[in-house]
Amino acid sequence: MRSQRLAGHLSAAARTIHALSLPIILFWVALTIVVNVVAPQLQSVARTHSVALGPHDAPSLIAMKRIGKDFQQFDSDTTAMVLLEGQEKLGDEAHRFYDVLVTKLSQDTTHVQHIENFWGDPLTAAGSQSADGKAAYVQLNLTGDQGGSQANESVAAVQRIVDSVPPPPGIKAYVTGPGPLGADRVVYGDRSLHTITGISIAVIAIMLFIAYRSLSAALIMLLTVGLELLAVRGIISTFAVNDLMGLSTFTVNVLVALTIAASTDYIIFLVGRYQEARATGQNREAAYYTMFGGTAHVVLASGLTVAGAMYCLGFTRLPYFNTLASPCAIGLVTVMLASLTLAPAIIAVASRFGLFDPKRATTKRRWRRIGTVVVRWPGPVLAATLLIALIGLLALPKYQTNYNERYYIPSAAPSNIGYLASDRHFPQARMEPEVLMVEADHDLRNPTDMLILDRIAKTVFHTPGIARVQSITRPLGAPIDHSSIPFQLGMQSTMTIENLQNLKDRVADLSTLTDQLQRMIDITQRTQELTRQLTDATHDMNAHTRQMRDNANELRDRIADFDDFWRPLRSFTYWERHCFDIPICWSMRSLLNSMDNVDKLTEDLANLTDDTERMDTTQRQLLAQLDPTIATMQTVKDLAQTLTSAFSGLVTQMEDMTRNATVMGRTFDAANNDDSFYLPPEAFQNPDFQRGLKLFLSPDGTCARFVITHRGDPASAEGISHIDPIMQAADEAVKGTPLQAASIYLAGTSSTYKDIHEGTLYDVMIAVVASLCLIFIIMLGITRSVVASAVIVGTVALSLGSAFGLSVLIWQHILHMPLHWLVLPMAIIVMLAVGSDYNLLLIARFQEEIGAGLKTGMIRAMAGTGRVVTIAGLVFAFTMGSMVASDLRVVGQIGTTIMIGLLFDTLVVRSYMTPALATLLGRWFWWPRRVDRLARQPQVLGPRRTTALSAERAALLQ
């Protein structure tokens, strides 16, 4: 009953399409014209409505935007580098050119949010200049998230600014980095789309002409495919230009390739069944109904499978994948509808003129032989196909992916040229650093937190695979000069060293003092001897003076007696007026007057005697003081000698100690040893250090960032493996410190690809499970057999693994080009979507032919579908393979991997593996359906295999 109802619906649809073939064709032509007029070309829309490909909920993107917010610098994840390269060392001209560039870039606030001007600051200039001095760079944070149209516009604006400033002779400027790399990917992806489309059309035209040997048939089929492609492009452009969906380079390339391949496949299904019916003797109209009844449900199921599988990508989180969901699903539904309406209408019109009539008798002998071999020896055939599949499966364990986009865009791309220039002077990872931020709840601008920040930098730096860490405590990647405790201790002895010679001079003065004291002692002892002699002389003189005094007193007494007797005579000399004139008188007067001085003389002698007595006493006392004076001086001399000896040894020890401390400090400083970092409080007042604080600490001082450079390629599996150890090292560094509650963020190339890697695993799992479930449900609805549906799904899964393994073998081991990380998920998703088509067509035909018996039905099914499916599979495969002409190597890898999968599915799985499995399972292949009931059902989905029936009866049986 179900088959009869389906046949009735298909017959009604076939009659309607046949009757309204011209209006249907005109409707599709009008629709194509309208959607292509109201919306720009797909490539233009993709450029202006390109979505950011980074996962918005990824920790790395959250971290990048948090860093920009806390430092009040940017709110996007797009970074670019402007690289200066000179033939000689960069000098003043290069700096002036650089300053002009930075000034112009800073004026473009629309596209440039922040400039990390390291080279413009002498404090950090060495950190952004190459070791040979011939290259330097400035990092820019641009508007828009990476991969989005706004970010690409920002990159273009930066490139225009750089191009507008003429460089000095011998100096070149390059715009490179992750942002420009993503922009170049869009440019070259769009540029290659016309090439891919042209090659696809050429391949399809050649294969169609070879298959059908009819130029008119091939041209009509190509026109149908072209009309469907234009319709899909216009519809998707209309949706995108009205912001109903986002696009990306990969979306456009995959969409165009799938549209061309699917529309070609479906029209091959239709034309193949039409020609088969004509070959059995049916007239053109009957062949049309046979074609529609035998393929419409297959096209419908295939279209729903492919579109549904692509729409399952909407459950994924990565924009790389979820941007494929709506465009590809809508595009493939459009192809399916066109293949069920436009293509039959064109065939109906063209068949009236015999344009699709077979030009030669088609032979099924080859496919009958293959079918016979399969049903006769299903076990060996299955074993042989498994061995072929094993070739690819064995290559899977050696699979190595690569995340570096540089290797998958043309080397002539501007960003790639910049990367190559950077590689000539810098380590490979310099253009793609990681940024670690520690966010605390207090101001970090103090010596205590500086110790912890340096501990974080040191711990991260000592993580395997890390080449350099720049932070406030090591702005050039090494600890700040003279910041080790041994050096600072050595510097504390600098004053001692400076005073050491003075100390030596004073010790020499002490020695001189000792000598002078000895000399003074000698002089004093000599003085003592002289004083003793003087004392003796004074004592004798005192005795003589007393004797002289006594004699003078006696003389005075005698003269007094004389004066008493001669007083009258004396008076006479005074009375005589003319005494002066009388010599004897005057002489007597003078003599008598002189005797008056004897009294005075005796008084003076008495006084002199008193003085000599005092002098004699004092002299003896002075002599008595010289002995203790000499003893004291001797003691002072002995003390001076002791001090000289002691200080001489002390100075020697101090010299040795300061020399060792200085050597130790210089050694630690020269070795850049970071085991004993310390910044004294006065360092925070240093103007240079304050500039460093502005670079590495947020304006409020609560956040500190670290610029981390990998030792190898950050966009690799090895680079990704560094992320967890970096986070663990930072977490361990703050454990037990005042910053143990701080939040730690990490952003950059490796952390982004780590998030993409983890997101890819999740997304692929979701997409694969959802697609397999969807395929199984659709296959179950068509075949109504759990086992048959499971076989189709199982062979698709096996085909995926083997095809991808063969791609690994070809690209990685033969061409020595590791597969891009995007190849695996993209290829799996697309091959899941299209891999069941040919098995579905075979099983559907087997279901029609099962009335002749299981084995005979299989032979007939293979004979009836072999040629058509092979042509369709080859066309689909080579259409996807034409993506290898893309300038983006990743697109070529995706296309060739899908091509290998389709070739394997067409030539091995559909031709041998699935028939062998169906034969081995026998009746169980159709479980839970019963084969006897299936055989008794009227075969309404295909023509009767007899020429005895009239064409009209055969048409009614379809």
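We count from 1, first residue shown onward.
Glycine residues also receive a Cβ, built from the backbone N, Cα and C atoms like all the rest.
Within its own chain, the transmembrane segment (19-39) has Cβ neighbours under 8 Å at 45, 227, 230-231, 233-235, 237-238, 240-241, 338, 341-342, 344-346, 348-349, counting only residues six or more beyond its boundaries. Annotation source Swiss-Prot lists transmembrane segment at 19-39 (among others).
Annotation comment: Swiss-Prot describes 192-212 (among others) as transmembrane segment.
For 216-236 (among others), the entry in Swiss-Prot reads transmembrane segment, with the evidence type sequence analysis.
Taken from Swiss-Prot, the feature transmembrane segment covers 252-272 (among others), and the record attributes it to sequence analysis. Using a Cβ-Cβ cut-off under 8 Å and counting only residues 6 or more beyond its ends in the same chain, the transmembrane segment (252-272) has close neighbours at 42-43, 46, 189-190, 192-193, 196-197, 200-201, 204, 208, 211-212, 217, 221, 224-225, 228-229, 232-233, 236, 291-292, 295, 298-299, 302-303, 306, 310, 324, 327-328, 331-332, 335-336, 338-339, 343-344, 347, 356, 826, 830, 833-834, 837, 841, 867-868, 871-872, 875-876, 879-880, 882-883, 886, 888, 891, 894-895.
Through the fold, the transmembrane segment (295-315) approaches residues 6, 10, 13-14, 258, 262, 265-266, 269-270, 273, 321-322, 324-326, 328-330, 332-333, 335-337, 339-340, 344, 763, 766-767, 770-771, 774-775, 778-779, 781-782, 829, 832-834, 836-837, 840-841, 844, 941 of its own chain, all at least 6 residues removed from its boundaries and within a Cβ separation under 8 Å. Among the features that Swiss-Prot reports, transmembrane segment is placed at 295-315 (among others).
Swiss-Prot lists 329-349 (among others) with the feature transmembrane segment.
Under the heading transmembrane segment, Swiss-Prot lists 377-397 (among others), citing sequence analysis as support.
Tertiary proximity for the transmembrane segment (762-782) is limited to same-chain residues at least six positions away from its ends with a CB under 8 Å from its CB atoms, namely 297-298, 301, 304-305, 308-309, 312-313, 315-318, 321, 788-790, 792-793, 796-797, 824-825, 828-829, 832-833, 836, 840, 843-844. Under the heading transmembrane segment, Swiss-Prot lists 762-782 (among others).
If you look up Swiss-Prot, you'll see 791-811 (among others) marked as transmembrane segment.
If you look at the transmembrane segment (814-834), the same-chain residues 6 or more away from its ends with a CB under 8 A from one of its CBs are 250, 254, 258, 261-262, 305-306, 309-310, 313, 320-321, 324, 399-403, 407-408, 753, 756-757, 760, 763-764, 767-768, 771-772, 775, 796, 799-800, 803-804, 807-808, 876, 880, 889-890, 893-894, 897-898, 901-902, 905. Residues or ranges marked as transmembrane segment by Swiss-Prot: 814-834 (among others).
According to Swiss-Prot, the transmembrane segment annotation covers 868-888 (among others), on the basis of sequence analysis.
When Cβ-Cβ distances below 8 Å are used as the criterion, the transmembrane segment (906-927) is approached by residues 370-371, 374-375, 378-379, 381-382, 384-386, 388-389, 783, 785-788, 791-792, 795-796, 798-799, 838-839, 842-843, 846, 850, 854-855, 858, 862, 866, 869-870, 872-874, 876-877, 934 of the same chain, each at least six residues removed from its ends. Per Swiss-Prot, the feature transmembrane segment maps to 906-927 (among others); the stated evidence is sequence analysis.
Between the transmembrane segment (791-811) and the stretches 192-212, 329-349, 377-397, 868-888, it is 377-397 that has the most C-beta pairs under 8 angstroms.
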